[in-house]
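Enquirer: Supplied in structure tokens, the structure appears directly below.
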Amino acid sequence: MQISFCLLSPEIRPLVVPTNIIVQLHDLQYSWHDFVSKGNRNALTILSLWAPVVAIYLMDIHIWYTLLSALVGGVMGARGRLGEIRSIEMLHKRFESFPEAFAKTLSPQRISSRPVPQDSEAATKMYASIFSPFWNEIIKSLREEDYISNREMDLLMMPSNCGTLRLVQWPLFLLTSKIMLANDYASDCKDSQKELWHRISKDEYMAYAVKECYYSAERILKSIVDGEGKLWVDRLFQYLNESIGRDSLLVTINLKKLQLVQSRLTGLTGLLIRDETADRKAGVTKALRELYEVVTHEFLAPNLREEFDTWQLLLRARNDGRLFSNILWPNDLEMKEQVKRLHLLLTVKDSAANIPKNLEAQRRLQFFTNSLFMDMPEAKPVSEMIPFCVFTPYYSETVLYSMSELCVDNEDGISILFYLQKIFPDEWANFLERIGRGESSEEDFKESPSDTLELRFWVSYRGQTLARTVRGMMYYRRALMLQSYLEKRYLGGIEDGYSALEYIDTQGYQLSPDARAQADLKFTYVVSCQIYGQQKQRKAPEAADIALLLQRNEALRVAFIHEEDGVSSDGQAIKEYHSKLVKADIHGKDQEIYSIKLPGNPKLGEGKPENQNHAIIFTRGDAIQTIDMNQDNYLEEAMKVRNLLEEFRGNHGIRYPTILGVREHVFTGSVSSLASFMSKQETSFVTLGQRVLAYLKVRMHYGHPDVFDRIFHITRGGISKASRVINISEDIYAGFNSTLRQGNITHHEYIQVVGKGRDVGLNQIALFEGKVAGGNGEQVLSRDVYRLGQLFDFFRMLTFFYTTVGYYVCTMMTVLTVYIFLYGRVYLALSGLDHSISRQARFLGNTALDAALNAQFLVQIGVFTAVPMIMGFILELGLMKAIFSFITMQLQFCSVFFTFSLGTRTHYFGRTILHGGAKYRATGRGFVVRHIKFADNYRLYSRSHFVKALEVALLLIVYIAYGYTKGGSSSFILLTISSWIMVISWLFAPYIFNPSGFEWQKTVEDFDDWTNWLFYKGGVGVKGENSWESWWEEEQAHIQTFRGRILETILSLRFLLFQYGIVYKLKITAHNTSLAMYGFSWIVLLVMVLLFKLFTATPRKSTALPIFIRFLQGLLAIGIIAAIACLIGFTDFTIADLFASALAFLATGWCILCLAITWKRVVKTLGLWDSVREISRMYDAGMGAVIFAPIVFFSWFPFVSTFQSRILFNQAFSRGLEISLILAGNKANQES
């Protein structure tokens, strides 16, 4: 059995032989007084060698699952055709196939299955006529959202393809500059017509452009002239068509003059695209005559030129001035669009690769078009689709930014509006173009109420606001109205016996009563604004903004809890609670729809789930989609909701689905490198991670925007468990509940239902991860996880464990493994066993024993967890872009961020396991580019990261000072490099990722703020952010139970190892290993504490003898210095011993402080609490100084601050962001 166990892992087998040798070693020489290893066969030594290996062995399953899930998820994604269209160039190349794919996936079968013409071009034209109105609405929505400009919209719009033109008309962005290139080909042509056309046809879109230009010019010229002019146009194109048919075009025309004809035609269309006036009509007549002269006398062959010149009818008209004198201006909409399109076709020279320019617009169009080729259920007509409801909980977050919020400057001199103008310069320019303004200041907007409101919405749509969420969810209604409107017109046309092409028109679809009624039958949106009633009573701005949203969105419903005073049956005053649902009436006032009296205050448990529970009764339909308040939606994705809902009727195993999981996009990833890291990490989980979990049938509900089977869940406990503390992470319990009640949870990636905002500052991210980690700690204690573990088979149970609470257990084990390894090495170093065993090994000639002691232990933190993210990059970006993106992340210190996050998750998960009491941590959803003060970072990370990092640093210093390795310093570096990386990351990540973290003026201000906070006395009502004493008391609040105190006591005793080991390493002990030496060190420590007490005594506390106290303090200081000098001069005590003693006493002192805080009541009873507090203050001052010193040093060099800004905001730099001006608050200079 031992042999088979050893063969399981290459980590274990090499230790077996050395272990047997160590067990048999006797009379090993210890550096300290040994009273635990005698007679136990060197058990602690064996434990020191085996413990880290066993710890890693316990994480092996998690590592293998991570690697295999990345591989399987990548293969599944490739089979699902993800990432096929990953660039705008790919979108261009495959655009011809989009109409047919759209018709077959997103159109009902009755439309898509009609007889297809045998002619391929006619079939493509038919599909294009179905596709074009939807594509154009998508482009219009991008324009409304200011992602594209008016010019880009014109180039992206697709003609209806319903007219009489004999070819498919594609969007102009596919045809840009094609006419110019074709002219160049023609000018250089020395071959036949066939050869020229063959060369042009190599580019399909160039061929389309040439054909369309020819046919459009013919149609436009015939429509604007009459009489002799029309006869000339008819005969001209008759000759040209006959020449093309006989392949003799090069004989009929002079290709060298083609560009001249183009310039004359461009001048003509340039006039026709404008409104009709007398002067312009005269201009058109002149332009037509110039075109006539060029075509007749320069472009055509001599025989045709002579024929036209001798044509008497035409000659008389020219001589009389009647030729082209009567212009029929193109006033009908179709002809005006055709003239405009021809003009753009002749003039636009932009590269198609730059349209659209906005990266978000490119991403959305790429994903939408890619999804058309993915496997999805057939779309039902709107009248037959499953009705559904969208549900959003809201408390008191930002609804709509006010003008005062937009224009007020923060401490760095930056307003929200100024920040967004620099982050999104192209979208700001598009916004000004949309509202008809040039460059405008805040004061200019205040002159126009309508423009002011538009500005407020523009900013709010770029934040994590309720307004953004409501706009996104209302795209469902817009999509359903468009689909219902077109289906009725299209199917109605077929039933009436007319051509369906004549009925495809989207003008006024949002005003169609039938389309609106059909959409309202199938879609409902309920926002549960829990305290909306209270906000209205106190006239809060949030209430007015919610009312504004109700007025602008007639399908929006708001649920809230209404409180009112009532009287009980016995005459006592009581509070009555009602759950109400309201909408806006025709006058814009709140109109009550339902009011339900509640038995009492519904806020019994956690806030968010209780907010959902009171309002879920107002939802309707067969499905319900849960959407958080920091999410968005897109019109093109809303068009696929019919397909998604059909999954409830699909075959997904032995049971129908009860929760449909969908992918989402994190839209905050472009703000900074931190936001980018968080975005990529989140994207990896919601795509590849959940793809694999659903395949293994262990996917749960990890938050929004999953779609629930409403009937299934409201009859089985609802969608939100709300018990306090235990259900702090309420989302996942819906998945637990569904699975326990034999539900089936699936995942679908052809629809990217929502965009999601994530935390963008390090402090926000840490609070969010702390909340999630604490929630997972509570899940460990929940009955739901226990029952799932009992009911799952072994393999499903393992998968469930390692993808929920097991992930956090393994995260904590990763950090604990570092501690186990280092404490084991420090034990061997301080006890002298590493040197003693190595000497025995050399004497015995046993290399295996020496190799075991010098084994290189490299914990590559975060390497394995990054594999799924890398696989996701490769799948959806391509190999080269994935490599480039990964290298860029490394240069931005992503390893530092992920290592820091590892510490965050470990701390909060471990604290919850030890003490319980996880709590909701509000992260805030604002725009974060401001500088965070040193004191703020210290308060947040002192106990979670700094203390632990300094402990690891102390272990490493002691190991380097007293440890023994065969290879010397190089071996020490290899053994400890990953641990040093962890120390540096945990200590300095908050300052590396802090805007202006190394700017000298900010550093000086931070130091003043930190010292003021450190020495400010606390008191009743003083918050921790204002006083160290208040913060220190708050940090102890988690220690509440006797069990927790016992565990804290056991963990704190580890710090005693340092003093016990170092004392016997001091040269002054002369290798004396008696226990008395250790006892004497405690006497020294006690004396040091008494001296500290004397030195910290102030005249305020001893007013009777202030002069004597000061004199005594000075005398003691001189005496201490003299005593240390005498020790160094006259004994074996060295300066190195002095520093070693300081390290030992620091560790012991921290142990005593931890014990004193743990047993607070006992210490207060003994009257020692004030002393404990002062010593704790000294420790925090020392830790802060250690961290602050490198910051001060680097702040001396201005280039460090510039380099840091480049790292932190590299994503914005790539789009031309002048972040240096933002961080400097140099708004005045920028405007000037």
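Glycine residues also receive a Cβ, built from the backbone N, Cα and C atoms like all the rest.
Here's the feature list from TrEMBL:
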type     : residues  : note
DOMAIN   : 171-348   : domain 'Callose synthase helical'
DOMAIN   : 355-1050  : domain 'Glycosyl transferase 48'
TRANSMEM : 805-830   : transmembrane segment
TRANSMEM : 851-875   : transmembrane segment
TRANSMEM : 881-902   : transmembrane segment
TRANSMEM : 946-965   : transmembrane segment
TRANSMEM : 971-993   : transmembrane segment
TRANSMEM : 1046-1063 : transmembrane segment
TRANSMEM : 1075-1095 : transmembrane segment
TRANSMEM : 1107-1130 : transmembrane segment
TRANSMEM : 1136-1157 : transmembrane segment
TRANSMEM : 1178-1199 : transmembrane segment
Enquirer: Pairs of Cβ atoms less than 8 Å apart decide it: which stretch in 805-830, 971-993, 1107-1130, 1178-1199 has the most with the transmembrane segment (1046-1063)?
Expert: 805-830
Enquirer: Same chain only, please: residues at least 6 beyond the ends of the transmembrane segment (1178-1199) with a C-beta under 8 Å from a C-beta of the stretch. Say none if there are none.
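Expert: For the transmembrane segment (1178-1199), the sequence-distant neighbours (Cβ-Cβ under 8 Å, at least 6 residues beyond its ends) are 934, 938, 942, 946-947, 950, 987-988, 991, 997-1000, 1002-1003, 1007, 1010, 1014, 1028, 1032, 1092, 1149-1150, 1153.
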Enquirer: As a test: from 946-965, 971-993, 1075-1095, 1136-1157, pick the stretch that has the greatest number of Cβ pairs under 8 Å with the transmembrane segment (881-902).
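Expert: By the under-8 Å Cβ criterion, the transmembrane segment (881-902) pairs most with 971-993.
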Enquirer: Where, among 805-830, 971-993, 1075-1095, 1107-1130, do we find the most CB pairs under 8 A to the transmembrane segment (1136-1157)?
Expert: 1075-1095
Enquirer: Does the transmembrane segment (971-993) reach the transmembrane segment (805-830) with at least 3 CB pairs under 8 A, where each pair is 6 or more residues apart?
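Expert: Output yes: the transmembrane segment (971-993) sits against the transmembrane segment (805-830).
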Enquirer: Which range wins on Cβ pairs under 8 Å with the transmembrane segment (805-830): 946-965, 1075-1095, 1107-1130?
Expert: 946-965
Enquirer: What parts of the chain pack near the transmembrane segment (1075-1095), using Cβ distances under 8 Å and only residues at least 6 beyond its ends?
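Expert: The answer is 32-33, 35, 1059-1060, 1063-1064, 1069, 1112-1113, 1116-1117, 1120, 1141, 1144-1145, 1148-1149, 1171, 1175, 1178.
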Enquirer: Average the pLDDT scores across the domain 'Glycosyl transferase 48' (355-1050) and report the rounded value.
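Expert: Overall, the domain 'Glycosyl transferase 48' (355-1050) comes to a mean pLDDT of 84.
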